[in-house]
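Peer 1: One structure is given below, represented as structure tokens, and several questions about it will come after.
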Amino acid sequence: MSFQGKKLINNPNDVVTEFIEGLVETYPGFQYLDGFPEVKVVLRADVSSATYDKVAVISGGGSGHEPADAGFVGEGMLTAAICGDVFASPPVDSILAGIRAVTGSMGCLLIVKNYTGDRLNFGLAAEQAKSEGYKVEIVIVGDDCALPPPRGIAGRRGLAGAILVHKVAGAAAAACLSLADVAAEAKRASELVGTMGVALSVCTVPGRVTSDRLGPGKMELGLGVHGEPGAAVVDLQHVDVVVSHVLNQILSPETNYVPITRGSRVVLMINGLGATPVMELMIAAGKAVPKLQLEHGLAVDRVYTGSFMTSLDMAGFSISIMKADQAILHRLDAATKAPYWPVGVDGNRPPAKIPVPLPPSRLTKSEESLSRPLQLNQQGRILEVAIEAAANAIMDLTESLNEWDSKVGDGDCGSTMYRGALAVLEDMKKHYPLNDAAETVNEIGASVRRVMGGTSGILYTIFFKAAYAQLKANPQSVVTAKQWAEALEASISAVSKYGGASAGYRTMLDALIPASAALQERLSAGEDPSTAFVVSAEAAIAGAESTKHMQAQAGRSSYISADMLVSVPDPGAMAAASWYRAAALAVKDKCQAS
């Protein structure tokens with residue numbers, strides 16, 4: 001049985017912006033960019049890109065892990081933190097705004113936790129920033145030791161060990177090191193730390209029901225910080241037993257996740273996941289230190305106990321162990337004003353917010369080219385009904401998508417897709433240049449990029465951007481069926497290239513690849529284009545349904561056992577098949593009526 005979780009909040013959609021407002025009121029050394037709700041960036045009040053002469057250290061990700069990452073902004077640690085919606089990667093534009101706000105001549109380092117959406121969004125932002133003249137380096141942190149060596153492209157998850165990497169990098173930057181040297185120290189630190197978590201309960205996302213997946217008397221080993229299922233559900237054990245298991249898993253010579261052997265010096269972090277009393281965290285710390293010393297032969301040089309990277313209201317803790325030497329300890333001991341390391345607060349209170357910086361140059365298209373035509377031509381009318389049908393299909397499927405995603409992901413696929421579909425419908429009525437197919441596709445991508453977070457948002461933005469580039473290469477105003485098929489093929493190739501997935505990976509491509517193949521085959525055979533579109537839509541539906549029998553190799557589903565995936569289709573594939581089929585049927589009906 002599930003039930004509505006209790007939260008001391010207002011509108012669930014406003015929790016992140018209201019958190020930021022409270023944070024900057026509490027700490028006078030913080031500011032935020034005046035770009036709510038799309039841009040949610042917390043930064044040091046004493047840093048300006050125009051004058052900053054040290055390497056800027058920037059991190060971020062989905063919210064819900066507070067105090068990470070915004071609570072670690074401050075001299076000697078992070079220069080800025082980019083906040084996404086709850087458990088959703090921040091959008092590219094928000095990351096770019098943070099880079100532009102704090103990056104001076106020395107450049108910036110992006111520290112990214114290893115989740116697909118974060119890698120894609122921060123990666124695209126880094127490439128854009130480089131094209132604007134900024135010096136940017138990226139370090140990916142994947143410190144999870146709970147699961148066996150990962151299959152596919154997902155890799156190890158980024159957990160609380162990232163906080164130690166933040167501290168090392170921030171101290172190196174404060175010591176006036178070059179960008180290359182700061183990045184090298186951060187990368188080395190990321191390779192020396194391992195983490196594993198244990199949960200007594202799952203978390204409740206604001207506005208959503210609480211899952212009862214963990215029943216009374218049960219605990220989960222290796223649960224993900226977004227509520228993803230972990231390595232195993234077991235009976236509740238004494239903390240002595242739990243701590244021993246976690247330490248053995250992190251230090252296992254079979255997996256060799258961390259280069260720690262008997263005689264090594266280490267740093268220990270006991271991290272509360274949100275609803276664990278300090279008393280219980282201190283008990284875990286008190287048991288972990290002697291076990292590390294006596295059972296594993298390690299010298300424990302530092303112990304950090306508290307809530308550093310949480311998972312909303314999850315009960316449980318994670319343990320991180322980092323191999324230490326004098327250089328690492330020097331960085332960890334260096335002074336910082338980041339309040340949740342923690343340190344005291346001092347200084348004058350500057351204005352709470354400052355304007356969002358604009359790009360050095362902004363290319364704008366004419367108002368005429370980006371406005372809805374007074375009268376639609378035949379192509380414009382077909383585009384309109386296809387877009388409307390596709391968006392409505394996604395909105396009608398929202399609850400089913402969320403239900404499927406709650407079993408194989410973090411449960412928000414439907415809500416994320418709904419936001420994109422609603423934005424497309426609203427923007428189409430205002431300004432889509434429907435008589436220009438290429439520009440219309442580009443505007444759909446802009447609508448999606450503005451409102452959709454997480455991996456889905458960035459992948460669909462890439463999808464529409466690639467289609468636009470392909471269509472734009474055609475000098476003719478009317479797009480043929482063959483050119484639409486080529487645009488679909490280009491979009492699929494781009495998503496596969498940047499997302500890393502291909503056929504059989506249990507993603508949206510498992511719907512789109514067979515649809516593209518069927519469409520090209522039917523068109524080559526000389527079939528009527530609208531009929532070929534409908535036939536290819538049936539291939540999309542069949543492809544999406546086939547994901548029930550696939551082992552995930554990309555995204556959060558890749559952390560879930562095959563047994564749990566059986567009979568549940570991939571939500572992304574079902575969404576893609578749904579809008580594709582709706583568009584095909586709408587085009588068929590429109591062509592028959594004309």
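Each Cβ is built from the backbone N, Cα and C atoms, and glycine gets one as well.
Okay, these came from TrEMBL:
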type	residues	note
ACT_SITE	His226	active site, tele-hemiaminal-histidine intermediate
BINDING	Gly62, Ser63, Gly64, His65, Lys113, Asp118	substrate binding site
DOMAIN	11-341	domain 'DhaK'
DOMAIN	381-585	domain 'DhaL'
Peer 1: Between the binding-site residues Gly62, Gly64, where is the Cβ count within 10 Å the lowest?
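Peer 2: Across Gly62, Gly64, these binding-site residues, the one with fewest Cβ atoms within 10 Å is Gly62.
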Peer 1: Tell me which residues of the chain lie with their Cβ under 8 angstroms from that of Lys113 (substrate binding site), as long as they are six or more apart in sequence?
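Peer 2: Looking at Cβ-Cβ distances below 8 Å from Lys113 (substrate binding site), excluding near sequence neighbours, one finds Ser59, Gly61, Ile140, Val141, Gly142, Arg157, Gly158, Leu159, Ala162.
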Peer 1: How many angstrom lie between the most widely spaced Cα atoms of the substrate binders Gly62, Ser63, Gly64, His65, Lys113, Asp118?
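Peer 2: With Gly62, Ser63, Gly64, His65, Lys113, Asp118 as the binding residues for substrate, the largest Cα distance is 15 Å.
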Peer 1: Take the mean position of the Cβ atoms of Gly62, Ser63, Gly64, His65, Lys113, Asp118, the recorded substrate site. Which other residues of that chain put their Cβ within 8 Å of it?
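Peer 2: Neighbours found: Gly60, Gly61, Ala68, Asp69, Gly84, Phe87, Ala88, Ser89, Tyr115, Val225, His226.
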Peer 1: Between the Cα atoms of His65 (substrate binding site) and the residue listed as 'active site, tele-hemiaminal-histidine intermediate', find the distance and write it as a whole number of Å.
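Peer 2: One finds 9 Å between the Cα atoms of these residues.
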Peer 1: Indicate the candidate from His65, His226 with the smallest number of other Cβ atoms within 10 Å of its Cβ, considering only these recorded positions.
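Peer 2: Ranked by other Cβ atoms within 10 Å, the recorded positions His65, His226 bottom out at His226.
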Peer 1: If one measures from the C-alpha of Gly64 (substrate binding site) to the C-alpha of His226 (active site, tele-hemiaminal-histidine intermediate), what distance in angstrom results, rounded to a whole number?
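Peer 2: Spelling it out, the Cα of Gly64 (substrate binding site) and the Cα of His226 (active site, tele-hemiaminal-histidine intermediate) are 8 Å apart.
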Peer 1: How long is the line from the C-alpha of His226 (active site, tele-hemiaminal-histidine intermediate) to the C-alpha of Gly62 (substrate binding site), rounded to the nearest angstrom?
Peer 2: 9
Peer 1: Which ones in the same chain are close to Ser63 (substrate binding site), with CB under 8 Å and 6+ residues apart in sequence?
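Peer 2: In sequence order, the residues whose Cβ lies under 8 Å from that of Ser63 (substrate binding site) (at least 6 apart) are Val15, Val16, Phe19, Lys40, Cys83, Gly84, Asp85, Val86, Phe87.
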Peer 1: Measure from the Cβ of Asp118 (substrate binding site) and count the other Cβ atoms within 10 Å, all protein chains considered.
Peer 2: 28
Peer 1: Restricting to the domain 'DhaK' (11-341), report the mean pLDDT as a whole number.
Peer 2: 94
